[in-house]
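This report concerns only the one structure given below.
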Amino acid sequence: MQTATPTPAANETGEGLLELFTALQRSLEQLAATQGRLVATLILLVVLLLSVVVIPAALSRLRAATADRTGDWLQVMADYTPTTIRGVFLRIAQFSMIVLVVISFLIVWGVLDVVGTVGPYLDGSDQSVLATIQTVVLVMLAFVLSDQMQRWIARFSQAVTGFTEHQEEILLRLGQVTVFVTIGATIFAVWGIDLSGLLVGAGFLGIVVGLAARQTLGSLIAGFVLMFSRPFTIGDWVLIGDQEGIVTDITIFNTRLENFDGEFVIIPNDSVSDRAVTNRSRKGLLRLTVDVGVDYDADVDRAMELAREAMTDIEHVVDSPTPDVVPKNFGDSAVGMELRFWIDHPTPPRKWRAISAVVRGVKATFDEEDISIPFPQRTLSNRADAAEGAAQEHGVEMRSDGDS
């Protein structure tokens, strides 16, 4: 970047910022030991978390305290601007805090020499002032686009059927990341900063983080896969591996189920993608079966017809597909049959209500028509009777010891 003659005021501002960065770098470079760096990293993460929570709360209180004096003109500006003034200031404050934390993190781990990198750009020249103005405009543009993107995605989801809130959130986050990365690269280009050194440091940091959190990253990638493949949505009744329940939430990292005992089960998304997923409610219909047996002396065809009519009259069973009865096997005491019927809007309570109704209905019909449902029967005999019966069957005469 070409230099120009700095003005006195701009020169003083640049020198002040340079002194600030120099003091920051000297303070953080004192943490030579690994333990000190880890403690500093933890402190920086806490500061970053507080900035996300504290800054919005502080702006909300400030707005409430000055609502009587600024409410009217702020509302007028909000009506004619694509985003809220509070939102812009909030995002700029958070962005500044994030930049400061990231720079501090890079200094702590010896990845970035701030004085050597930033110092030449704080010379107070007219071109530096212009680059500063462009940076501020680009940052504001990034947050305006971020807020507008949320509105565009909301309108898009209303116009497209089957677009879930989970997909809307993921698409918004991807769009925001794209906007901020593009704006960030543009800002570096404005200042003429060579990104090669930062990219090397970021690559090394990415390798370390990837090795330490490979399971978390696997769940993250699986979350994106689930978003686009959509094997289930919130409210579906699913079976994932050996876990069965209703889907209550789908996040980037895990899927949450509520089972039939009222327990909440959290399954990592990488485990979801590695297991067979059965969606019992995706089609809107679910087939159920009940086994029943009739006596060998009964008319099987008549019993099948009566069972079919009994299921047709049950409220919980849908008419299409029609209920059916299939002879299944020859049991020890009965001819086995399988009752097949369908329910709509399947849920566990509807399933058990339908099964209970079918069992009661078929049993009542069989009782009215004198069709018995046999239970296992066994004939008992003593050992002597059994031996005598076997001898008579083979034509052998049995005699006692007293016979002559």
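Cβ from N, Cα, C; glycine included.
Computed from a predicted structure; not experimentally measured.
The feature compositional bias 'Basic and acidic residues' is assigned by TrEMBL to 394-404.
Taken from TrEMBL, the feature domain 'Mechanosensitive ion channel transmembrane helices 2/3' applies to 177-213.
The annotation domain 'Mechanosensitive ion channel MscS' is assigned in TrEMBL to 217-282.
According to TrEMBL, the feature domain 'Mechanosensitive ion channel MscS C-terminal' maps to 289-373.
If you look up TrEMBL, you'll see 382-404 marked as region 'Disordered'.
Per TrEMBL, transmembrane segment is recorded for 38-59 (among others).
Annotated transmembrane segment per TrEMBL: 88-109 (among others), in sequence order.
Residues annotated as transmembrane segment in TrEMBL: 129-149 (among others).
Under the heading transmembrane segment, TrEMBL lists 170-193 (among others).
What TrEMBL records for 199-228 (among others) is transmembrane segment.
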Integer average pLDDT (0 to 100) for the domain 'Mechanosensitive ion channel MscS C-terminal' (289-373) | 93
The domain 'Mechanosensitive ion channel MscS' (217-282), counted residue by residue under DSSP: helix, strand, coil = 19 helix, 25 strand, 22 coil
Per DSSP, what is the residue count of the domain 'Mechanosensitive ion channel MscS C-terminal' (289-373) in each of helix, strand and coil?
-> 34 helix, 23 strand, 28 coil
